[in-house]
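Positions annotated as active site, phosphoserine intermediate by Swiss-Prot: 59. The Mn(2+) 2 binding site annotation in Swiss-Prot covers 9, 59, 434, 435. Residues or ranges marked as substrate binding site by Swiss-Prot: 120, 149, 150, 181, 187, 253, 254, 255, 256, 326. Residues annotated as Mn(2+) 1 binding site in Swiss-Prot: 393, 397, 451.
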């Protein structure tokens, strides 16, 4: 084995006065890495990762930048720019949906995450769509997915109030359904959850019905459910998606709307329908899957000479390991949006625990991830290992401080086992993170469930577990990781990678 890249998802470096689970937890393995290795910090938010200034990073953005070896301009930024320069109004995919609704005398249905979190969506993009529909006298309907994960758990009322003002101003866009993202945006093949949102949107069947969207939220709060967990709710006197309608899904991040879009488009169904899905013109803000034959408003900028491709071209073997919650990140996103593995790229997916929220099992599948990595290193001896530990991020999102501490300590324990095996196999190690999360858990009264804009650690050690004589340069970001890995592999950095090695 030559080199391992270990990504501690959501392990940021922040102040200790915000219930910082990373600093509070006992982390002897990580502390030893910092003591013996060459270490520094990376900026992982805003323009450093291709996002608007001040915007927190996330796992998709982080892994795209890591794999590309360059700052990747994100779909969020591209949509913002299009709205600002007016090209949003002439976008082909958006206009195809609008024109279809006009031609069939149907409606256009907007659906996506109503949030200003900037991770999966931005509420102002929906506002721009409603304004455009109003200008063209198109009957628009909105299906709201509430956040509470990348935003405050009780913040959706303010977003709905603003949305209703936009709807009133432009005379279109009535809200037909409200679903928490736990249901509408599941990504771990919990099809029953996805089906509940689908049934509300298409079949107008749900456990709850209210007169207004705000009532849907307030009644959910009364039941003890925060924004993320609002059960799909129908709003009185509003329509379903029907034959001849158009649908536009406005999330710009793909992984958490794929399942619902698969249902709406009847793509390779892993379920059975009681009735056929309606025949619609379905378009999406970004490309959710390269196998979907759907109009895309902002298709991906193709990434070439990514880390995985360069490793494969050099004739080296690589192993990608994560549990299912982060599997797409160490494969699809790290490969620049490519679904298919490169030559000699082996992938191991470990099923994440079947629990409703990960504070119920903070260790998640970190032990199994480590077991698999150790077995594969000892039996197949890959040249490169890329592994993601999901716990700090996924448990951090629950807002449970005690559980987050347990998650951090679990990862630290597993990291010790993993490092021992890598060093024994002769491997160099880079340990880093893609963004912060567990480094700020808010307060007991007001838990913080979102990512942070804090820097993340970067640590390098040689096979002897030390980094003596090496230093990590200042001013680094995630785009510098791939050049660093290639330097350790003695593989030439391609021109497409504009980052530079972090090791001095």
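Every residue, even glycine, has its Cβ placed from backbone N, Cα and C.
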When DSSP states are folded down to helix, strand and coil, where does residue 393 (Mn(2+) 1 binding site) land?
helix
Residue 435 (Mn(2+) 2 binding site) versus binding-site residues 187, 254, 393, 397 - nearest by Cα:
393
Looking at the binding-site residues 120, 187, 256, which has the shortest Cα distance to residue 434 (Mn(2+) 2 binding site)?
120
If you measure from the CA of residue 9 (Mn(2+) 2 binding site) out to 10 Å, which binding-site residues from the list 120, 150, 187, 254, 397 are inside that radius?
none
When you measure from the Cβ of residue 187 (substrate binding site), which residues in the chain that are at least 6 apart have a Cβ under 8 Å away?
255, 256, 258, 259, 325, 328
Under 8 Å by Cβ from residue 120 (substrate binding site), counting only residues of that chain that are 6 or more apart:
112, 113, 150, 181, 185, 251, 252, 253, 256, 257
Setting 9, 59, 434, 435 aside, what same-chain residues sit with their Cβ within 8 Å of the center of the Cβ atoms that define the Mn(2+) 2 site, listed in sequence order?
7, 10, 44, 57, 58, 62, 63, 329, 393, 433, 437, 451
Could you state the CA-to-CA distance between residue 397 (Mn(2+) 1 binding site) and the residue listed as 'active site, phosphoserine intermediate' to the nearest Å?
13
